Amino acid sequence: MPGGLAQRKRGSASKLAARPTKKARTEEKSTVPRKATSPPKPKVASKGKGNARETAPLPDLKGKGKAKATTNTSDGPSNTLPTSFKVMVGSYEKLLYGLEGTVSVEEVDFKYNLKPIFIFPAHVSYLKAIAASPGGGKWLATGSADEIVKVWDLRRRKEIGGLMHHEGSITHLQFPSRSHLLSASEDGTLCLFRARDWAVLRSLKGHKGRVNCVGVHPSGKVALSVGKDRTLRMWDLMRGKGSASTKIGKEGELVRWSTDGSLFCVQTQSTIDIYSTDMELLHTITHPSRLHDVKFCKRVGESGEVLLAAAEDKKLSIYDIPGDHDAPPIIIAEMVGHTNRVKAVDALQIALPTTSDSTRISTTLVSTISSDGKIRLYDLASLPPSSSTSPNQEKVQIEPLTEYDTKGSRLTCLTLADGDVALPKSTSGKRKREEQKDEEAESDDDEEWGLEQEEPEDDDEEDEEEGEDENEDEEEYESA
């Protein structure tokens, strides 16, 4: 089990952002450093009151970041695919599950394995959000109803500390890059943190009420958010301020970008609205049952995208997204095997071991969590080719490759991360020596995460809610 709440990195010039702890947090002993100084608050552009402004197209992303005073949040992942992976899952019982996934070859077939590497209570309340840094990054962030974002080091399996800048439950977390973390909260704000010292670079304000979800463009330069105020807002992450907003007439629960950034979707209950980047509504999907999560994903071995939809009907439905955007999306396959509603989905591309009989060198793995307490793994390569897609074709039923049973835990959130995490080759000698020094210093103080599991606690209030519900040399943002 991890040690103190806010163990900070030695030698760091800045402190973890913190605010006074409430009485509800007295269950957990903590040593909280003083609050980091934040830059001036950005002014979110608005035109008039009452009616929504005229919807403007998204800006040209190619030109972003050429002006002064910007921090680059778009350092992308390496082109090298991981050969193993990790599945991290949060639960209503406050437990954080970590599974290591591997692929081996048995005769002529690939065999997928999920092995637990840690299970422990990570927060004093149930987990609501989780995210892992991309492209061989080492960070894991978890958000909870206790209003704290906790940061974990996946390389050393250590707790780094707690970010307590929000004054409401954490609703969503995402890493725009290895070096930055974006969080959303019920307090109506989004916060942008710098991973080097976990300082708050910006507190983005604009929503009136809870922020449900934030989606970062694949370039890492802009983000979209939806919330209780029934608006869709765009944020310029390069300058740390709001860019535009429009009323969409309903409370968006999720917003997701396509993998190439040419489309985005907004999910509300059982409907999915798909937009182009100039805010043209291309399609509205009405799913047969209540949706809980959606995600765009590239096809394996060919061009084109699909949309994964996790729903109340115990299935993960897969919609084909036509490249010309004229034909409506249709369900071409279903990932089955769940015995209760599917709560969340994530996907990760990995390299496959070489075999004499297979020409496949990579695939995309899809992981799901369900209210039946099981974590399942699927292969997206089982999809029918796009050339054979037609409205009248029979839906392909895809069975899980493997699964892990948490034995009754009420799973809430999920993320996939590279398993074979390594330092980037471009790491400078000075930075590498500093990181090695930190590792040696912290290894004496921290305990490794264990497989010790506490008994799940019954909580009537949580049951009701379930039903309802590194860049090396960066600059701080300057004032807009």
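Using N, Cα and C of the backbone, Cβ positions are placed for all residues, glycine too.
The feature compositional bias 'Low complexity' is assigned by TrEMBL to 382-391. Long-range neighbours of the compositional bias 'Low complexity' (382-391) within the same chain, counting only residues 6 or more positions beyond its ends whose Cβ lies under 8 Å from a Cβ of the stretch, are 299-300, 302-304, 306, 318, 320, 330, 332-333, 398.
Marked as compositional bias 'Acidic residues' by TrEMBL: 437-480.
If you look up TrEMBL, you'll see 1-83 (among others) marked as region 'Disordered'.
Sequence annotations record features per position, and here TrEMBL assigns region 'Disordered' to 382-403 (among others). With DSSP classes pooled into helix, strand and coil, the tally for the region 'Disordered' (382-403) is 4 helix, 5 strand, 13 coil.
Taken from TrEMBL, the feature region 'Disordered' applies to 421-480 (among others).
Residues in the repeat 'WD' (120-162) partition by DSSP class (helix H, G, I; strand E, B; coil) as 0 helix, 24 strand, 19 coil. The repeat 'WD' annotation in TrEMBL covers 120-162 (among others).
Among the features that TrEMBL reports, repeat 'WD' is placed at 204-245 (among others).
Note: the repeat 'WD' (204-245) comprises 0 helix, 25 strand, 17 coil (DSSP; helix = H, G, I, strand = E, B).
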